[in-house]
Structure formats: C-alpha cells, structure tokens
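These notes are about the structure you will find just below.
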Amino acid sequence: MKVLVLNSGSSSLKYQFIDTETEVALCKGVVDRIGLPGAFIRHQKNGQEIIKEQEVKDHNVAIKLVLEMLTHPQMGIIKSMDEIDAIGHRVVHGGEYFSDAVIVNEEVKKAIRECIEFAPLHNPANLMGIEACEKEIPGKPNVAVFDTAFHQTMPKYAYMYSLPYEVYEKYKIRKYGFHGTSHKYVAIKAAEYLKRPLKELKLITCHLGNGSSVCAIKYGKSVDTSMGFTPLAGLAMGTRSGTIDPAVILYLMEKENMDVKQMNDLLNKKSGVLGISGVSSDFRDLEKAANEGNERAQLAIDMFCYRVKKYIGEYAAVLGGVDAIIFTAGIGENNPIVREKCVTDLEYMGVLYDKQKNFNAEKGKVFEINKPESKVKVLIVPTNEELMIARETKRLLEK
C-alpha cells in the first residue's frame, strides 16, 4: 500500500510518500510559510532536492503543490493520483473521542473541530489538511492518527486533576498527553530490539525535542505521561515553561498587568530553556554558550536534565520497575551530554551507564548505551512518526 503521510502545521505542511510493504519513504518534503510572504516547497527524492518558490495562500494550494511534485516528470514518484492508496494525517488532539486511529468521515471531522479549543494552533491546520485532500484527491480514504490516542489507556487516577469534579464534567479538563505516535513507535522498536514481547515490558520513553515529554509504558499501554491538558505541562522545553506552580501565573498577571494572551505568550514562547538562558531554545547553542562560561546557559541545560531524571524516577515507581529507558527525537537521539545527565547516578535502579558507548553512539539505528551487566537497558531509538502513521493507516484499511 502506498500512503501519503501529512503533518499540517499552521504555516507548514510536511509530507512523506511511504510504501508500507518496504516501509521506505519514496520521497518527502515540506511546504513552508503557507499564507506568508516567501513561501516555498522543498521536495526530496533519492538524495536529490528541488526547491520551488511561489505564493501559497492556503493549505489547498499547498496540497496541490505536493501532488504536482509527486507527479513531477523528473522528481515525481507516481504517474497519477490513482497510485495513492490512502492519506494518513497527523492530528494533534483527539480529546476523549479517539483512543485509536480512525477513517475520516463527517462525524470524525466534527469531533476534530470540537477539539480545536484544546489545540488552537494545531487542530485547525490538521483539519485544513484533511479537507484539502478530500477536495484535491477525491475518493481516497483519509485516516486521522491522533497524538493523544495512545495515552487514552491512562487510568483515571493518573489523568484527572484535583480540581472540583464538575470542572472535568463541564469542560473535559484532564491530562491528555501528546507525542503518542512517537512514544508508541519507539516502544515497539525497543521490544523488537530486545527480542521480547511488548506486552511483557515496562518502558520509560523520553521524547526530547523542541517539545519534550516522558511516558510510562506498561505492557504496551501508556499509563502516565508528562504533558497534560495541553503540551505546556511537564518538562522544561525549548520555549515552554513546563509545569509550574499555578499561583505564579495569577501573581504575575496581577503584578505585571498581563492579560491571558500575554501570559499564554510568556508560558509558550518565552519560557523554557530560552527563558532561563536568554540565549536560545537550541541545545547546540546552549552547549556552546555554556562551554564559553555562560552560567545561565549551563543552568538551563541542568534544569532540563534534572526534570527528565525526576520523571524517570517517578515513572519507575509508577511501573514498579523498568526494563528499558529510551531516548528519542532531536535532542534524545543526538545529544550525548543531555543523555548522560539524565541517566547518571541511577545505579540504585539497576542502570549502569556506559560513557564510551553514549559518546560514540551510531546514528540512525537502535543503540544501547548501558554496560553489559546493567539490569536496565538504556537505548537510543530513532523515532519515525510518519512511518507509524503509514502503518496505522494500513492497519485500519486492511481491517
């Protein structure tokens, strides 16, 4: 089956065209700056790249551009739309409606629309991507794969907030969790690597990127995760605060005369390691600055790793033991300094970390960074959310 996988952002559209038999991306690319000046498409196939600048006023135009590239005489991969079997969409928030991927119909679109208030930056764009495909590739099934779905197995005592119960009943305010597609994918990959059934394993997965979250996975099911009602909770991130005392927000709003929008901006865009360091949200810049003696940059790195480590301890308690700790995503896969800070001094848990292996880890494959006698495995597992979306699409359509 050949699946077009789409990840629609508010001003970008990432795509991959995946053959599910070989699990290879035949081509991929991104349409960037949708609705903004300087829009372009970057398309890659077999290591070759083509960049085309043109006005892209909305997601419909973006989808048209993608289809043009897929059927391009030199850089394309198909002769006609008939060769696209299905389209798999990343949808950020599925609320309590969806605990699995789903074939899109009017009812599904209505539910995605109802979750817009939970993910105002992402869900409208995800929906635009779906509707653009219905218009431009009619008659082909669209499948929605939700970031929140994997975490719908969390027990109620884990996902509820200790607010008046009526608040949950009225507004569905609870922990939802995100990055579910990534957490699920790396858990499956880790089980394959360990040659053990996923349903026998206790795993802690650390998806560390510009947005970061940790997940406790017991026997293949998510039982807790660090993000919450929104992707703002949990770890300190690139520009997001992570969990803070809610009274701080009230105090600051009063002292600084801030409205809700300004506070939202502060928490989502000006906080995290950027806010602490005053340097950057990028860990490469932070490490460079820290090495040059910038104390705030060092503090930002230390705070980030300290929180990850706290979640590892917390989730080890929740799971009643751990078989493997997994690092994935941009920072998790590529930053040995962060990994080291997160897993040193965990000998009491049975984690025997190997510095040599960590700093010489091979990129692009599952790699073990623990000593042979370590009771707990520490693994780097490259994530592949697009492939997971293609797999879910295939699984649903072959049911």
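Cβ atoms are placed via backbone N, Cα and C, with glycine included.
According to Swiss-Prot, the feature active site, proton donor/acceptor maps to ASP147, an assignment based on sequence analysis. DSSP assigns ASP147 (active site, proton donor/acceptor) to coil in the three-state reduction, placing it in neither a helix nor a strand.
Positions annotated as Mg(2+) binding site by Swiss-Prot: ASN7, GLU385. Within its own chain, ASN7 (Mg(2+) binding site) has LEU13, LYS14, TYR15, HIS89, ARG90, GLU385, GLU386 as residues 6 or more apart in sequence whose C-beta sits under 8 angstroms from its own.
The C-beta environment of ASP282 (ATP binding site), restricted to residues of the same chain at least 6 apart in sequence and closer than 8 Å, consists of GLY238. Here Swiss-Prot flags LYS14, HIS207, LEU208, GLY209, ASN210, GLY211, ASP282, PHE283, ARG284, GLY330, ILE331, GLY332, GLU333, ASN334 as ATP binding site, drawing on sequence analysis.
Residues annotated as substrate binding site in Swiss-Prot: ARG90. Other C-beta atoms found within 10 angstroms of the C-beta of ARG90 (substrate binding site) number 23, with every protein chain shown included.
Applying an 8 A CB threshold to same-chain residues 6+ apart, the list for HIS179 (site 'Transition state stabilizer') reads ASP147, HIS207, GLY211, SER213, CYS215, THR225, MET227, ALA329. The site 'Transition state stabilizer' annotation in Swiss-Prot covers HIS179 (among others).
Under a cutoff of 8 A between CB atoms, and with a sequence separation of 6+ in the same chain, the neighbours of ARG240 (site 'Transition state stabilizer') are GLY211, PRO231, LEU232, LEU267, ASN268, SER271, GLY272. Residues or ranges marked as site 'Transition state stabilizer' by Swiss-Prot on the basis of sequence analysis: ARG240 (among others).
Residues LYS14, HIS207, LEU208, GLY209, ASN210, GLY211, ASP282, PHE283, ARG284, GLY330, ILE331, GLY332, GLU333, ASN334 are recorded as binding ATP; their most distant pair of Cα atoms lies 24 Å apart. Counting other C-beta atoms within 10 Å of each candidate's C-beta, the recorded positions ASP147, GLU333, GLU385 are led by ASP147. Within the group of binding-site residues (LYS14, ARG284), the Cβ with the highest number of other Cβ atoms inside 10 Å belongs to LYS14. The secondary structure of HIS179 (site 'Transition state stabilizer'), as reduced to three states from DSSP, is coil rather than helix or strand. According to DSSP, ARG240 (site 'Transition state stabilizer') is assigned to coil rather than to any helix or strand.
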